[in-house]
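Trainee: Have a look at this one.
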C-alpha cells in the first residue's frame with residue numbers, strides 16, 4: 001500500500017491509509033473508508049455489498065440475542081419457546097440445536113427465509129435506500145429529519161458490524177471450547 005499523497009483522502013478509521021476511491025465518506029451511511037483488503041475495488045456497485053452487510057448484520061443481531069437468551073434467559077436457567085413436546089428442544093449448544101429440531105423445523109425456517117429473500121430480491125438492485133424492505137412497523141423513521149434518519153441508519157450499520165463480530169466470537173467459543181458464552 002502506498003503512502004497517502006497530499007491530494008488523496010485518508011481513511012477515517014485508519015488515518016495512515018488512503019481511503020478507497022468508492023468510499024468517499026459521504027455517499028453511504030457508515031462509510032469510514034475502512035477497506036484494507038480492497039474489496040470495494042472489485043465491486044462494480046457497492047449497493048449490493050451494503051445490502052449484504054445489513055442483512056447479515058441483522059441476522060447476527062438476532063442470532064447473538066437468541067444464543068444468549070437460550071443459554072441464560074431471564075431466569076438464569078435458559079429460556080425456551082413453549083413446546084408441545086416438553087424437554088425436546090432444550091439443547092443449549094446452538095449448533096447441536098439445529099439437529100435437535102429435526103427436518104420439519106429446519107424446513108419451516110428455510111421456507112420462511114426463502115420467502116423473505118424472494119420477496120425482497122429485486123430491491124437489492126433497484127433504486128432506494130439499502131436495507132429498506134418496507135418493514136418499519138413501529139414507525140421508527142417517521143417524522144425524522146434527514147439528519148436524524150442518517151444518524152439512525154448509521155447506528156444500525158454500526159450495531160450490525162458489532163453483532164457480526166460478536167456472533168463470530170460466540171461461534172468460535174462454542175465450536176472450539178464448548179463453554180458457555182458468558183460463563
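Yeah, the Cβs are placed from backbone N, Cα and C, and that goes for glycine too.
Remember, predicted model here, so these are calculated numbers, not experimental data.
These came from TrEMBL, pasted as-is:
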BINDING   40, 53, 56, 161, 173  chlorophyll a binding site
BINDING   58  chlorophyll b 1 binding site
BINDING   156  chlorophyll b 2 binding site
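For the listed features, I'd like the structural context: burial, neighbours, distances.
Mentor: For residue 161 (chlorophyll a binding site), other Cβ atoms within 10 Å of its Cβ number 16.
Other Cβ atoms within 10 Å of the Cβ of residue 58 (chlorophyll b 1 binding site), summed over all protein chains shown, number 16.
Listed in sequence order, the residues of the same chain lying 6 or more apart from residue 156 (chlorophyll b 2 binding site) and placing their CB within less than 8 Å of its CB are 54, 57, 131.
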Trainee: 10 Å Cβ neighbour count around residue 56 (chlorophyll a binding site)?
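Mentor: For residue 56 (chlorophyll a binding site), the count of other Cβ atoms within 10 Å is 16.
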Trainee: Across the listed chlorophyll a-binding residues, 40, 53, 56, 161, 173, what is the farthest Cα to Cα distance, given in whole Å?
Mentor: 30
Trainee: Return only the integer: C-alpha distance in Å from residue 58 (chlorophyll b 1 binding site) to residue 173 (chlorophyll a binding site).
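Mentor: Residue 58 (chlorophyll b 1 binding site) to residue 173 (chlorophyll a binding site), Cα-Cα distance: 21 Å.
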